[in-house]
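A short worksheet on the structure shown next.
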Amino acid sequence: MLGWRRAVSAVAASCVRRLSMAKSKFEYVRDFEADDTCLPNCWIVVRLDGRNFHRFSEQHEFKKPNDDRALHLMTKCAQTVMQELEDIAIAYGQSDEYSFVFKKNSRWFKRRASKFMTHVVSQFASSYVFYWKDYFKDQQLLYPPGFDGRIVLYPSNQNLKDYLSWRQADCHINNLYNTVFWMLVQRSGLTPMQAQDRLQGTLAGDKNEILFSEFNINYNNEPLMYRKGTVLIWQKINEVMTKKIKLPKETEEKEVEVTRTRTKVVPLHCDIIGDQFWEEYPEILAEDS
């Protein structure tokens, strides 16, 4: 009994020493940390972009105007982020950017902006390197890619919807331009400078006409992933699995199919500017989602 009391006393003394060390004279430096707590009751949007990805795509021989491998890799990384940070209600991506929307009532990281941003960007960047070989099987990763991030708060549901609409409209504008630009370079033999001069001052209708009249391409028939980008949402999915079970009064196991419902991150390529998407998935904006 005496030995047990001595052990308890030693543990207590150790705890006291650690507490006294935590309250050292150097602790005042914590006061230099800025308070970056996000305002309550606001949607927290973390948008990341590839750093100098124009050079990165050239050196890694991305196909122009769109490389399915690169787009699918970006989506895989975004799915990984959402699976790690389950308070993300929806994400939207196009080209080398992705936006992650945290719930209005999220308490993750005590709502510290720096924590949100660094967790998202670091998880995304490490996933990009980790999954690279799954999508670029014959293309060696020549150097680590970089991503930067920013945080914006949106107080109302309409603000958030307008933000996502802006990003999808940007996707359409950029992809239409790039589609015409690379057709002029690859199939008409123009230099990049000549193609740029040809498109200067043109409107969307002019670009559509060039595609149709000169290259027999109806832009509306281009893949939705290129024109609309990628939306990531949580959905309940029924998965059929094979399981071995042993029935009563039988000696051997039998394989049976079991259906399980799981919530997974699902990619969609659809319009999010109109009302139909939000009417179909009201749970995204629900306060108690």
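Just so it is clear, glycine is given a Cβ too, placed from its N, Cα and C backbone atoms.
Feature annotations, reproduced from TrEMBL:
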- 26-155: domain 'tRNAHis guanylyltransferase catalytic' (DOMAIN)
- ASP49, GLY50, ARG51, ASN52, PHE53, HIS54, SER95, ASP96: GTP binding site (BINDING)
- ASP49, ASP96: Mg(2+) 2 binding site (BINDING)
- ASP49, GLY50, ASP96: Mg(2+) 1 binding site (BINDING)
- 158-274: domain 'Thg1 C-terminal' (DOMAIN)
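Annotated features, which come from TrEMBL, shown on the structure.
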{"residue": "ASP49", "record": "GTP binding site", "Cβ contacts under 8 Å, 6 or more apart": "ASP96, GLU97, PHE147, ASP148, GLY149"}
{"residue": "GLY50", "record": "GTP binding site", "Cβ contacts under 8 Å, 6 or more apart": "PHE56, ASP96, GLU97, PRO145, GLY146, PHE147"}
{"residue": "ARG51", "record": "GTP binding site", "Cβ contacts under 8 Å, 6 or more apart": "PRO145, GLY146, PHE147, ASP148"}
{"residue": "ASN52", "record": "GTP binding site", "Cβ contacts under 8 Å, 6 or more apart": "GLY146"}
{"residue": "PHE53", "record": "GTP binding site", "Cβ contacts under 8 Å, 6 or more apart": "ASP96, PRO145"}
{"residue": "HIS54", "record": "GTP binding site", "Cβ contacts under 8 Å, 6 or more apart": "none"}
{"residue": "SER95", "record": "GTP binding site", "Cβ contacts under 8 Å, 6 or more apart": "CYS171, ASN174"}
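Counted within 10 Å of its Cβ, the other Cβ atoms near ASP96 (GTP binding site) come to 20, all protein chains included. The Mg(2+) 1 site is defined by ASP49, GLY50, ASP96, and by the 8 Å test on Cβ atoms against their centroid, the other residues of the chain that qualify are LEU48, ARG51, PHE53, SER95, GLU97, PHE147.
Looking at the domain 'Thg1 C-terminal' (158-274) alone, the prediction's average pLDDT is 91. Residue counts for the domain 'tRNAHis guanylyltransferase catalytic' (26-155) under DSSP, split into helix (H, G, I), strand (E, B) and coil, are 58 helix, 33 strand, 39 coil.
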